[in-house]
Amino acid sequence: MGRKKISLIGGGQIGGVLAQLCALRELGDVVMFDIVEGMPQGKMLDIAEASPVDGFDVCLQGTQDYKDIAGSDVVIVTAGLPRKPGMSRDDLIATNSKIMTSVAEGIKQYASNAFVIIISNPLDAMVTLCQKITGMPANRVVGQAGVLDSARFKAFIAWELGVSVKDVSAMTLGGHGDDMVPLVRYAAVNGIPVMELLEQKYGAEKAKEVMEAMVNRTRLAGGEVVALLKTGSAFYSPASSAIAMAESVLKDQKRVLPTCCLLNGEFGVNGYYVGVPAVLGASGVEKILQFKLDATEQAMMDKSVAAVKGLVDSLDSILKG
């Protein structure tokens, strides 16, 4: 049996890190597509020349031709403009919807049997657009947001409590924006509720304030990176997050990862892509895990879904206009 094949659409910062991670983990042969002549070829050659040092054996190819993504097992899309300081993800919708339309047509023609992971912003709208244009089964077209948002939440908790990130369990639901829903009630350190640990450290009132600050920082974490970089947006952490999803599919790991999936009644949502916990395996999204939200969590989820609906509606008006 030959090696798996991963295609990366977009050769920018995230694409470069994705290619390197795929190679280092030997997930499969990698193709990087970008419209900029020479750029993907140069990046892939650079990574390939590190193979004797890093000790990986995979084929790396840069291209300007969608034909080269044929036979892909996984396609990861990062193409589109990144955010700049003062911009929201939603500000990118007009430009990036045009780019995504072209990308989706390429995937439809040459890689319609792949598992597709969208990273491009605004995420919830871009994954919706890609699925509509490709006509691919919804369980094989998803968005990467929740893995990253949850990772940020976990990191802030670990740093606050002075524990290993490996022992923190936490998750966000909803859209990839300022209305995402970090689930405080389920956050734990090796099974111990985070709120209990914060209350031991600070007392009940202060613990609530500290948790609220971490929740808000999680919601605004992407913008925090953008403000510091000044010329672009996060790329290391989004790439690592997408690789976790790709690896679960390529190796049939059946990991439970927060994934932007098309919902059909789950969590009371119909016909919209929203971040929820999903089992990712060889066939794509194999199952969405549902659980009861309390009144506060449900209200936050409803608000987040409303923001997603507004974004998708604005996408529809742009496409019609």
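In case you wondered, yes, glycine gets a Cβ from its N, Cα and C as well.
As written in Swiss-Prot, here are the features:
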- Gly10, Gly11, Gly12, Gln13, Ile14, Gly15, Asp34, Asn96, Ile119, Ser120, Asn121: NAD(+) binding site (BINDING)
- Arg83, Arg89, Asn121, Arg152: substrate binding site (BINDING)
- His176: active site, proton acceptor (ACT_SITE)
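If you take the Cα of Arg152 (substrate binding site) and the Cα of the residue listed as 'active site, proton acceptor', they are about 13 angstrom apart, rounded to a whole number. Look at the recorded positions Arg83, Arg152, His176 and count other Cβ atoms within 10 Å of each Cβ; Arg83 has the fewest. Just so you know, the Cβ of Ile119 (NAD(+) binding site) picks up 29 other Cβ atoms within 10 Å once every protein chain is counted. In this structure, Asp34 is the one among the binding-site residues Asp34, Asn121 with the smallest number of other Cβ atoms inside 10 Å of its Cβ.
The CA atom of Ile14 (NAD(+) binding site) is located 13 Å away from the CA atom of Arg83 (substrate binding site). For the pair Ile119 (NAD(+) binding site) and His176 (active site, proton acceptor), the Cα-Cα distance reads 10 Å.
Ile14 (NAD(+) binding site) is surrounded by 27 other CB atoms, counting those within 10 A of its CB over all protein chains shown. Our reading of the NAD(+) binding annotation (Gly10, Gly11, Gly12, Gln13, Ile14, Gly15, Asp34, Asn96, Ile119, Ser120, Asn121) yields a largest Cα to Cα distance of 17 angstrom. A straight line from the CA of Asn121 (NAD(+) binding site) to the CA of Arg83 (substrate binding site) spans 8 Å. Neighbours of Gly10 (NAD(+) binding site), defined as other CB atoms within 10 A of its CB across all chains, total 23.
The CA atom of Asp34 (NAD(+) binding site) is located 19 Å away from the CA atom of Arg83 (substrate binding site). Using a 10 Å radius centred on the Cβ of Gly12 (NAD(+) binding site) and all shown protein chains, the other Cβ atoms total 22.
Rounded to a whole value, the Cα-Cα separation of Gly12 (NAD(+) binding site) and Arg83 (substrate binding site) is 13 Å. Across the fold, the C-alpha of Arg83 (substrate binding site) and the C-alpha of His176 (active site, proton acceptor) stand 14 Å from each other. Under the DSSP three-state reduction, Gly10 (NAD(+) binding site) is assigned to coil, being neither helix nor strand.
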